[in-house]
Every structure is written in structure tokens, then in C-alpha cells.
Amino acid sequence: RCADGAALRWCISATLCASFLGLGMSIAVLGPTFPTLAANVGKNVSDIYYIFVGRSLGSLGGSVLGGVLLDCMNASLLLAFSMLGTAAGLYVIPWCNQSLVLTILMSVIGGSMGILDTGANVLALYTWGSEVGPHLQALHFSFAAGAFLAPMVAQMDSGSSKSEELAGAEKTNQSVLRSVPTASAASTTPAPNDHHNESFLWSYIFIGTYILLVSIFFFVLFSKSSSAKDKSKASAQKDKLAKYHWPLVGLLFVFFLFYVGAEVTYGSYVYTHAMVFAEMKESEAAALNSVFWGAFAVCRAAAIFGAAFLSPATMIVMSLLCSAASSTALAFFSHLRAALWVGSAVYGASMATIFPSGIAWIEQYTVVEGKTASLFVVGAALGEMCIPVAVGYFQGKYHHVPVVMYTAFVTSMVTMLLFPAMYKLANWPQQREAQEVSDRETRKTLLSNCRLTEDEEEEEEQHVREWNDADFEVVEMNDELKNSLMDTSHRIPGASPAELSLQPHLDNALGDPPVVADGSPRRQNGSIDWEKSE
């Protein structure tokens, strides 16, 4: 049974990674196929930006809904239905010729992806518990791998080079708005030819079929692990929530908002920044973008093994320090090409492990249920929606200011301040308990010392009483001796009581037996008898 349980857990992890591979492809495929989508609905690329908004809102709603449903039904079953919804949307999109219908389909797909994003993290926590670190890293690496493969899938039957440029800004975690700058740059792209339309059609069918197959595996897992999941969930709910559970969740919500927002913003605008501020060529800017996402993917792959040896807190601290150092260099030295290349690579690597490490870290201190995990995903989604839009607005208003690099620097500083606050809050109850235990031990020690002092005083009083009793005995013996001498003095003529009382003491001091007038001493059995001389 133990072997079967271990095999089942590994099957769950493998299926989750396969689902995130499909999630990455589903999100990233929109970039290279965006011009064809616009042509199908008879719009320019710049006129259908609202499909990203629709997908973002669907993702937010799906995350919240998934958090609620995860506490009511089996996680494997929920993920199976969410992937069925994603596959159905991908099958329909290639034939969609109405912008409103396209937006609705994008919202449905976004909702399904939000449920998958929330449910996969929670199911991994349910399955592995405190050993979840490497499995969460593998899960999110699969997303990056899917985003990397999507442009290749979209270009299997096409040699279009412009579509490759459009794919540059799409390789990120849960990206929804980062394609807007790239898509806007392609607004002058001519309508795709029939050959490109055929490639677009089969890429969506291919990804949809893959996701459909993964959903079948989730149905199989549901039939095998329904009772196991319920037991795991029940055991998790037996654990007591942290004393500051919701404040801790709120801080991590804000933490993910700034982290994911910074990740998406840099991936979206580094291409434009390189061309405007560093005066790079298009090929160089595209290569710089690839360096950022390549370092991101490689570091996520390395984190799978690193998480087996390093604690989540250690990985977060290392990532934050590298992020702060690289963002500082980018903010103040990005006009230097060497600093831009090195800084982009280090910044991408530092962003790779924070999200999965954050979830694994908070699981050590409190119970992460569906609603809790949904808040993390919502925070990440809000960050990738709001921060890139704000950066785009200010960059358009202040053309000569590197807003992108300053944003990377500010968000790095914010996350550097948030994590120590979260760590202190998470360990605060334990520190208080340790202090209370120390106080109790101190009180016990003081009480023990007090008892010892009281015992010593009682012993001293006992000694005093014994000495007093001894003195009383001596006094009584002296009285008896005095009475005896008085009686003897009455019987012996010519001897006064004073002489008889003083003589024994003098004789004892001199060491000679007492001699009485007209008598000689005689010892019998250690005593002296007085005999009268005749």
C-alpha cells in the first residue's frame, strides 16, 4: 500500500506538470497568432486589445471560483473540468469571426486557466505537504517550458519571421497584458496569407488536443485518488491556522502583486527599452529579451533540485538579494550595454523561484486551502494587469525617463521590505511561546530556590532547638549536681557547700582525684567513693 501511495503521488505530480505545460502553451500561443486573430474578426491589431482584458478578468474570476470550489469538491475532478473548458475554447477560437464572441471565448479560457492555476498549487500541497518544494518548482518550470514551446508550435507550418518577433514578450508566468506593446508594434502587419492561417489553425488544434488528453488523466486520478484526497484534506484541516493567518496571507498577496507585476513589466518592455535607451538593433533587443526569459527558465529548472536542499525562506532571500542588486544596476547603469545584458540575465534568474517558493514557505506556518491559494493567484493577476499598464502610461508621458528600470528597482525594494515583515509575523507566535516557556522556567527556578531557602531556614531552626534542648539538659544536670553536693555537705562535718562545689572543678582542671580531709579516694568502676579515716 505504501508503494501504491507513493506511485500515485508521483502520478499526480506528473499530471500537474503536464497541465502547466499546456497552460504555458495556451497563454503564449496568443502572441504569434495575434495578427491572424485580428484578421479573422476584421479588426486591426491595435483595436482588439480588449481580448487581453477579457482574459484577465476571466482569470481573476476563475481564481476566486476555483478557491471556493476546491473546498467543496475533489481537486482532480475540478482540474479535469477546467482543462476541458480550456480545450473547448481553443478548438472554437480558430473559426471565430466576431470580436465580441472572441472576447467571451478568451474570458472562458482565462477562467479555466485561473481555476487550473489555483487548483494545481493546492493539489500539490495536499499531495506532498512539507515536501512540496521541489514539486512546486517543477510545476512552474513546466509553465515556462510551455511558454517556450508555444511559438515553435505556432510556426510549425510557417516561416513567418514577424510572428517570431511577436512571440518574444510572451514567455512569462500568467501573462495577460504583456503582449499589448508587442501587438501594438505589429499593428501595421499586413493581413496573414492562407498559409499562415492554416498554421494558426493547426497550432490551436494541437494545443487543444494536448490539453484534452491531460484532462483524461485527471479523470483517471479522480477515480483512483478521490478518497486519498479527502483524507489528505481532512488531515490538513486538522492543523491549526496560524494566529495571524489572514494578515500573513494579506502581506503575501501584496508581495505577489509587486513580484509578478515586475516580472511581467520587464518582460513586456525590455525590448522597447533596449531599442530606445540603449539604441540596440531589433535583433539585439530580441536577443536581450530571450536572455531574460532564458535565464528565467534555466533557473526554474535548477530550482527543482535546489529546493531539495534549501529551505523556501533561503531561496526567497537569495532571489531577493539578486533581484535588488540587478535592478539597482539596471536602474542606474542601463545605458551601458554590458550592464543591461548582465543585469537582465541576473534579474530574470532572480525572479524564477519566488512564486513557488513563496507558496511553499507559507505552507510551513499555516494551512493553505483553496480560498487562500486563490488570493495568491488573484494578487499575481492584479499585479500583471495593473503595473504594466501604469508603466506604459508613464513611459508614454515621460519619454526620456527609463520608467521600466525604475519600476524594477522600486518593486525590488518593496519586496525586500515585505518579506522580513512576513517572516517576523509568521514567527511571532513561536517567539512569544518560547518567551513564555522561558518565563515559566525562570519562575520554577525561583520557586525552587525559595523552597531550598525555606528548607535551610527550617534546618537552622531545628539546630537551634536542639542546642536549646541540650542547654536545658546541662542546666538540669547542674541543678542535680548542686542538690547532690548540698546533701553531701550536710552529711560531712567541717565541709562547707562552697568548698565541695568548687573542689571538683579544680580537681578536674588539675587532673588529680579529689582528696578530702580525713579521707582517701578509692576508685570503683570509674567513680570515686569517699571513705572516712578512722
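Heads up, the Cβ atoms here are built off N, Cα and C, so glycines get one too.
Per TrEMBL, the range carrying the annotation transmembrane segment out of 48-70, 485-507 is 48-70. Listed ranges 148-170, 171-193, 217-239; the one TrEMBL annotates as region 'Disordered' is 171-193. Annotated range for transmembrane segment in TrEMBL, selecting from 7-28, 425-446: 7-28. As a quick check, the transmembrane segment (339-361) and the transmembrane segment (244-271) clear the bar of 3 or more Cβ pairs under 8 A, pairs 6 or more apart, so the two touch. Outside the transmembrane segment (315-333), and at least 6 residues removed from its termini, the chain residues within Cβ reach (under 8 Å) are 303, 306-307, 339-340, 342-344, 346-347, 349-354, 357-358, 361, 402, 405-406, 408-409, 411-413, 415-416, 419. Counted over residue pairs 6 or more apart, the CB atoms of the transmembrane segment (403-423) and the transmembrane segment (100-126) come under 8 Å in fewer than three pairs, which marks the two as apart. Under the criterion of 3 or more C-beta pairs below 8 Å, with sequence separation of 6 or more, the transmembrane segment (48-70) and the transmembrane segment (100-126) qualify as touching. Comparing 100-126, 138-156, 201-223, 244-271, 373-391 for CB pairs under 8 angstroms to the transmembrane segment (7-28), the maximum falls on 138-156.
Looking at 100-126, 201-223, 244-271, 373-391, the range that has the most CB pairs within less than 8 A of the transmembrane segment (138-156) turns out to be 201-223.
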